[in-house]
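Per TrEMBL, the feature domain 'YutG/PgpA' maps to 14-154. Summarising the annotation, TrEMBL assigns transmembrane segment to 12-40, 46-64, 85-113, 141-158.
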Amino acid sequence: MLMQKIILTLKIIIGTGLGTGFIPFAPATFASLIIIPLILVLNSSPIGYLIMTIAFFFIGVLIADDLEKIWGKDSRKITIDEWTGMLITFFLITLPVTLGKLIAVLLTGFFLFRFFDIFKLPLIRKAQAIKGGWGVMIDDLLAAVVANLSLRFLIVIFL
């Protein structure tokens with residue numbers, strides 16, 4: 001019984017993006033912001049970045065599946081999908097070394113991901129119909145891929 005409570009507590013901590021899911025206003029936005037330091041750390045190691053992104057995705061599927069049973073379909077409290085989405089948004093993006101350009105790229109990627117996550121393209125919207133943890137994670141994965149490609153395009157044009 002105690003072990004089950006501990007496991008559930010860990011799932012809630014991870015699944016809510018360290019509790020950002022409990023923030024009453026824009027929990028997904030806050031979750032997307034607090035993952036940025038990890039993105040900065042992982043950026044210098046593409047293999048580590050890939051491993052972490054894959055791990056977050058599959059752990060997210062499992063945890064979101066369990067938490068949906070408690071809180072309902074694609075609850076706002078579940079924000080691990082935003083973490084994975086942000087990791088994918090910046091995957092294999094070479095971050096600039098100058099502070100001004102770094103901030104510009106981070107903010108642009110953040111806003112692109114949030115835009116495509118909120119205003120879903122038709123394919124992304126269809127992915128939300130997938131049940132369980134897969135549905136929670138897949139729509140953010142697709143939004144992040146579009147954000148990543150858009151960010152690459154903008155970097156080529158403006159940097």
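Cβ coordinates come from backbone N, Cα and C, glycine included.
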Open item on the list: Short question: most Cβ pairs under 8 Å with the transmembrane segment (46-64), which of 12-40, 85-113, 141-158?
Closed with: 85-113
Task: Three-state composition of the domain 'YutG/PgpA' (14-154), taking helix and strand from DSSP - done: 105 helix, 0 strand, 36 coil
Open item on the list: Across the domain 'YutG/PgpA' (14-154), what does the mean pLDDT come to, as a whole number?
Closed with: 96
